Amino acid sequence: MQHPDARSQGIPLLTQGQDRGIHCHMPVKPKAVLKRDELSGSYQNKTTLSVFLDTSMSMEKKVVLITGCSSGIGLSLAVRLASDTSKVFKVYATMRNLAKKERLLDCVKGLHQDTLEILQMDVTDRQSILTARDKVVEKRVDILVCNAGVGLMGPLEVQSLDSMRHILEVNLLGTIQTMQVFLSGMKAQGQGRILVTGSTGGLHGLPFNEVYCASKFAIEGACESLAVLLQRFNIQLSLIECGPVNSDFLINLQKAELGDSSLQQVDGQTLSLYEKYLQHCSMVFQNAAQDTEDIVEVFLDAIHSTSPAFRYFTNSVMPPVTKLKVPEPDGMEYIKAMSKIIFADEDQ
């Protein structure tokens, strides 16, 4: 149900992500490239990249491992970092199915042999993650980007246990399992960055996206909890909260289509509401979806920042409906305060 003030303000409440897919809160499609102001948390136009400098790694490439690189945000981010003219990044682009690597190869056109490697990695398979980690030549990962994700849409009554389990295994357990594998190395080297592709669907619920939102809400809690601890190891964790994005997420989305036999068991009123929801999705994506390059700019801002925020919104501001739940858009005040409360003795 819409918030009582939302309709009068023209605020659509649909959302999802790449997890990147079905977020529908943007009234207009942004045209400017965005850069977050470190003090205000707002975004400004950005035309150049500034590379964050770390004295211990300034003379060697920063090793980046990205999940979910067969399309969308993961592919665009991998290409952008590998194409950086200063060649400060060595990118390991991973994907579950290497048969889909041709699209990435077409984008780089063989020009980045020294800055890009493509690895097979299934985030739901721990051994696959370990194997990918062991293939990293540098034997370290400085920046981990947990981007792999899938969506599930339709009346809850028709969702099978297997479908729901798959969403949780990829979006939640897959992300956590990936961080588990790489955390010990980052702690040992005393520094690191973790970026997670989040969703405003993890900040407020959406009809017909119950399990997807559950997985993204859980990621918010896991990342916020972990960020409190990781500050003690000089490891910064950031969530990149996406709204609607033009990517293959919609193509890969598990969705109950009108006319599917599975919907025969659903009551007429629910089917009518679902049809309206699908129409709303279509309208929002036509008018409000961001391009993957817009999203990549926000990832780059977090990567290059010397003091990254915990939470970034790709639309430059927090969705109005989300403001009803999260008083501090940046999220850092909570992280700092909780860290101080729990680890006060460490600071004395």
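Positions of Cβ are set from backbone N, Cα and C atoms, glycine also.
TrEMBL does not curate its annotations; it predicts them automatically.
Take the CB of R96 (NADP(+) binding site) and look out to 10 A: across all protein chains shown you find 20 other CB atoms. Sequence annotations record features per position, and here TrEMBL assigns NADP(+) binding site to 68-96, D122, K216.
The substrate binding site annotation in TrEMBL covers S199.
According to TrEMBL, the active site, proton acceptor annotation covers Y212.
V88 (NADP(+) binding site) sits 36 Å from Y212 (active site, proton acceptor), counting Cα to Cα.
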